[in-house]
Amino acid sequence: MNEPQCFYNESIAFFYNRSGKYLATEWNTVSKLVMGLGITVCIFIMLANLLVMVAIYVNRRFHFPIYYLMANLAAADFFAGLAYFYLMFNTGPNTRRLTVSTWLLRQGLIDTSLTASVANLLAIAIERHITVFRMQLHTRMSNRRVVVVIVVIWTMAIVMGAIPSVGWNCICDIENCSNMAPLYSDSYLVFWAIFNLVTFVVMVVLYAHIFGYVRQRTMRMSRHSSGPRRNRDTMMSLLKTVVIVLGAFIICWTPGLVLLLLDVCCPQCDVLAYEKFFLLLAEFNSAMNPIIYSYRDKEMSATFRQILCCQRSDNTSGPTEGSDRSASSLNHTILAGVHSNDHSVV
């Protein structure tokens, strides 16, 4: 049996020519616009997520598991900004200068950052699910367990990003190279796309279960409570939050994942024509997460203003009655829907 022929010493142009993917020789107007937009988004991603991390660090009212996970999500998105920044300067005509190793590094950084972001979103969904059904504002998870969760998230993300570099590629299986990612094996792209789509489905199920439970509790409370309008508003607020979270994920992730599957399963489909557009959509997801999970939080917004205006924060103690009134819409919306009438959350 003949050993497979490997092409580690070939140029990037060799793989692109075999896959039929166009490799630019000079910058055109579209490429310059895409690069300019990409760099701008990268800068915003890094600054916005850095602001989230600093806000959670300086404000002791955010020193709870849910906020630690949000900070880790911001760290993952910050890393995504760095990965995309590296991509922007190694794309277009600059791709020709890459070696096989540097090309795999470029793609591996993106895979690692996106996997970490998705895993964090799943961890937040699980944490919210636990708190709702235990009727708690914050989980009683110890800091050590939170650290373990974060370590698991990053370990999984690094492994997922490194898999193509350590062997699951098409360098020694040239007939099964992807069109969109000419050094990636078709089988790996199918695996990666399905893995993320399954994670998405799990998140949908978790949030749907949360919403169904809160809606049931709210309707039950409205029949025995003097404040049914407040309960209806609580339900609508939760619905808006869930729709924003899931809608952003669907818009930013699903098209690109489906495109990967079409690249393998539909050879006649012109997937390369939409590749850059969907890559930007995936990039926007990292820019939107700080807005979705933090901007709706009045306390977080106030901390943002204090940091940006270089003001000293007064939030140096634990949670207070005032902080409860201004705490996160995501946490308190859920809490209000599941607690009984003697709990007042505004």
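From the backbone N, Cα and C atoms, a Cβ is placed for every residue, glycine too.
Remember, TrEMBL labels are computer predictions, not curated facts.
Taken from TrEMBL, the feature transmembrane segment covers 33-59, 66-87, 107-126, 146-168, 188-214, 235-262. The domain 'G-protein coupled receptors family 1 profile' annotation in TrEMBL covers 48-293.
Same-chain neighbours of the transmembrane segment (107-126): 66, 69-70, 72-73, 76-77, 79-80, 82-84, 86-87, 149, 153-154, 156-158, 160-162, 164-165, 181, 183-184, 192, 196, 199-200, 202-203, 206-207, 245, 249, 253, 282, 285-286, 289, 293, counting only residues six or more beyond its ends whose CB sits under 8 Å from a CB of the stretch. As a whole-number mean, the pLDDT of the domain 'G-protein coupled receptors family 1 profile' (48-293) in this prediction is 84.
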